[in-house]
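For reference, TrEMBL has these:
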type	residues	note
SIGNAL	1-32	signal peptide
DOMAIN	31-95	domain 'Sushi'
TRANSMEM	106-127	transmembrane segment
Amino acid sequence: MARRRFLGSGVHALRGLLLLLLLRLPVTPGTTCPTPMSVEHADIRVKSYTLNSRERYVCNSGFRRKAGTSSLTECVLNKTTNTAHWTMPSLKCINASSYSSRETTVIISTSVTLSVVFVVSALVTCIKLRRIFQPTAVEMENLEAMPMTRGSSSREEDQRNY
């Protein structure tokens, strides 16, 4: 009798498993994704619509991929609805000419900064060179500080010299 209970409980478990398998919709062989969604200013050339295939969007001419965004999309299966779909790419294509104007602004501001640094360093060098090549000052003797040794007045000396 113990054997029958074991076999009976196994049959019930098997029925439950079969019921679960029937309720879960199987993936139909050959399930494919629909056409990928459109992304502004970008195109995609899909090579494969099969599950787990990966594709990349390419920004149109005159546009660039914004830094930090991804052009990747993948064909995945939604297990709840049992349907395939493409993942949502985070791609943003921005106008390449606006990107270039930012580059130009950076280049101009860098050039101006370098020019200012050059002018300031040239002035500092010029000032240093003027100090190096300036003639040294000759100190004049202070005659009043020197004692007179002869005892004659300066008038007498002047008269003798002339």
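The backbone N, Cα and C atoms fix where each Cβ goes, glycine too.
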Please indicate, using numbers and ranges, the residues of the same chain that are 6 or more beyond the transmembrane segment (106-127) and have a C-beta under 8 Å from a C-beta there. none
Model confidence over the domain 'Sushi' (31-95), as mean pLDDT, sits at 94
Under DSSP, the domain 'Sushi' (31-95) has how many residues in helix, strand and coil? 0 helix, 28 strand, 37 coil
